[in-house]
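Peer 1: I'd like to ask some things about the structure below.
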Amino acid sequence: SNELIAGVYKLLPFYKGENTVFDVSPSSISISVQHDHVIVPEKFQVTGFSVGGRVVDGDGNGIEGAEILVDGQKRSITDKEGYYKLDQVTSKRYTIEAKKVRYRFDRLVDFLVLPNMASISDIKAASYDVCGVVLTVSSEFKAKVALTHGPQNVKPQVKLTDESGHFCFEVPPGEYRLSAIPAKLENAPELLFSPSHIDVSVRSPLLDIKFYQAQVSIHGFVVCKERCDSSVSLTLLRLDGKRMKTIGLANESNEFFFSNILPGKYRVEVKNNYPISSGEDKWCWEQSFINLEVGTEDVKGVDFVQKGFWVNIISSHDVDGLLTQPDGSRMNLNIKKGSQHVCVESPGAHELSFPNSCISFGSSSVIIDTSSLSPIYLKGESYLLKGHIHVESSSFSSIEGLPDNIPLGVLDSEGSVVGGLTSKLVLNGVDQSSAAVYEFSMWASAGGKFTFVPRDARDDGGKKILFYPRQQHVAVTQDGCQSSIPPFAGRLGMYIEGSVSPPLDDVVVKIIAAGDSQSAPLKRDELALEITTGTDGSFVAGPLYDDISYSIEASKPGYHVKKVGPHSFSCQKLGQILVRIYSRDDANEPFPSVLLSLSGEDGYRNNTVTGVGGIFVFGDLFPGSFYLRPLLKEYAFSPPAEAIELGSGESREVVFHATRVAYSAMGVVMLLSGQPKEGVSVEARAESKGFYEETVTDSTGFYRLRGLLPDTTYVIKVAKKVANGGSMIERASPQSMTVQVRAVDYKGLDFIVFEQPESTILSGHVEGHKIKEFNSHLQVEIKSASDPLKIEYNFPLPLSNFFQVKDLPKGKHLVQLRSSLPKSTHRFESEVIEVDLEKHTQIHVGPLKYTIDFNHQKQELAPAPVYPLFVGVSVIALFIGMPRLKDLYQTMMGMSASVSAATKKDVKRPIVRKKTY
């Protein structure tokens, strides 16, 4: 204690050694001193102390920035000299370690810290990172780095570089050697590094070690036909196909140079690819590529010599060509189908022609200019068709009689004339035993079909040549040279000469084929030729094909021509009868057609219908007796018949007068759609007198009933027969018409007929007590009337209570309802209706009724008898809205209603009732 003057004081505990500082609690105490001693009751206690240390490298130099961890917790960091301080430590054992990137340090393990320590022992660096990079020309090259020549306690190491070429080793201080080597054996020839190795002394981390991949150069020249320019390119290609490099010559220079080339096996290629977009070589070379093996030394003397110019010929066909060069020399070319390159050695313009080719490429020749090279396209546009005509010289008295040429007509596939050809005489018959040969040819497009028809065009009045066959059909089907057209054979045609007696002109002579010709379009009994006789009665017919024989016929109106020899005829003039018919009733109206019946001697019969007007001529009649009778329904003739005596070549006139005695009823029969109905029978009956007439409608639906007698009443109606086409007439509207015949014709008596449908349709509707409630329990059952055990249909009643069934067999059927309700609780009864689909193919049943009663006694009862019920049902009438059918429909519905009302009272009728119509 010290003596103090009175006042307020602060007590501060403090101690500091060289590297040690104590931590005291509390850090200070305030006291007040009066005129007496002061005893401080509170004690100062030492809670800890601070101590320092240092981190050093192998040479004892301090390491800056190292983190100090005490028992795994970061407590400090070194300064520039490597010193650090640990605060608030106590006297005990700690594990103290240092950490820094690229460094590895020894640790102070279980190190005892005491307050009187001057400092903590130094933490020393144990190893360092040695890092660098191996630089290659491409990331595909991988390298390894070897660490050797180190201290004895350090083993050699090899590490693979990462994707960017970097590597790192962790080594203790010492002397080392680093070497870069290829990572893969296959890359060994081209991976050489500079420097080959690096020696290092490790005292601290080393991070800037570098290796570089070695490269060499390739040098050469290009020799051109004319001037070299930048269009010539050279490509350096590794033979393993991994990399390539392309350069172009400088303008007016023929030297090239590749630099920075890795060792290995290469190919140098030369090409003139102007324009660049084409990608094709325009020149041909003595040697277009050279293979090289590149080591560590530069390569020189790689030279290329131009041989000529490539011409790309693209042809659609194989063809032989002739190339004429600028100096006049010629070269044969065998051009194949497709694309090919031809090397033209001389610069300038060349002409490519195709002599004696059977294919036309649009022009006779093509110009090839080496100064402006472009592909030559040869597309076959047409093909040569060639044929011959062989004419028998024996047909002519001398060679001078042969024609100079023979024309041919050319027809297309439609038979239209598309042109003409002229065949030239190429070989005349030297004697009568040989044939003269004519040749013709034409160009035709692919796919064309032609017909060649030769003809003798001479018009000197002499006999003409016919050709066998008459024509040849040729199709250009194959893509290339065409086969020769089959030859024609020509010889003088056959001629037939004859006459008629006595001499008579304008007699028609017909030459008829007696068989089927192989050369001409003639069948047996077809007309080959028709001519007329001259004033002297003679005729000459020809030329005719000689592969068949012919028959001859002669005729002339008004004459009887008779064959008296192979080619001769005799003529006899015939008579005629002129018939005139006049009407006594109406002379101004043209008289209708009349049937004239003419009979004569030797069984002669001629029944002919005249035209409108009443005039007709019977011609070509032999002399003799004839009997003529006119016939026309509804008319009487005066005289009724006429006997006629006719002389040779005589003309007679006969007159008849007609009187109307009966009349006609006419009209049209059609379907409801307005379509006329053909083949429908219409009849007229006069029941009181027993008269009956019948006719059938024509294609327009028109009919005419003839022979209706005056002052007679006829009922006219459609007969229900099967009409033409097999459809049955079901009914007609109106059903019939009554006509009181007067002295006039009746028109407009039209009928509409209804055909009976082929398919059957049975429809109906159901009515009954609580039908909405019981609908789901009702089923419709249809059975055969002839076999009630045979159920044809059974289906649930639709919600609409309406049902329809199609295509039931024609015949009689029973329709009734069935219930799925339990018989123990309900009693169900249904009407049974019989329908006949044979008579009517479409029938509507309705209403089909039923009754359901609850069985309160809950016992099984015997089936109750079904009380008979006969209820009228309606027939569906098609097209009710038609005016003509409306009355008929209302009448039928009225009849049905009356019958229904009457039968409901009669409860003793059978349960099965029939459908009424």
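Any Cβ shown, glycine's included, is placed from N, Cα and C.
What TrEMBL records for this protein is below:
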type	residues	note
DOMAIN	130-211	domain 'NOMO fifth transthyretin-like'
DOMAIN	310-381	domain 'NOMO seventh transthyretin-like'
DOMAIN	384-491	domain 'NOMO eighth prealbumin-like'
DOMAIN	493-565	domain 'NOMO-like ninth beta-sandwich'
DOMAIN	758-857	domain 'DUF7152'
TRANSMEM	866-885	transmembrane segment
Peer 1: List the helix, strand and coil residue totals of the domain 'NOMO eighth prealbumin-like' (384-491) as derived from DSSP.
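Peer 2: Summed by class, the stretch gives 6 helix, 55 strand, 47 coil.
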Peer 1: Going by DSSP, how much of the domain 'NOMO-like ninth beta-sandwich' (493-565) is helix, how much is strand and how much is coil, in residues?
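Peer 2: Helix/strand/coil tally for the domain 'NOMO-like ninth beta-sandwich' (493-565): 0 helix, 38 strand, 35 coil.
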Peer 1: Under DSSP, the domain 'DUF7152' (758-857) has how many residues in helix, strand and coil?
Peer 2: 7 helix, 57 strand, 36 coil
Peer 1: Please spell out the DSSP helix, strand and coil residue counts for the domain 'NOMO seventh transthyretin-like' (310-381).
Peer 2: 3 helix, 40 strand, 29 coil
Peer 1: Would you report the average pLDDT that the model assigns to the domain 'NOMO fifth transthyretin-like' (130-211)?
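Peer 2: Mean pLDDT across the domain 'NOMO fifth transthyretin-like' (130-211) comes out at 87.
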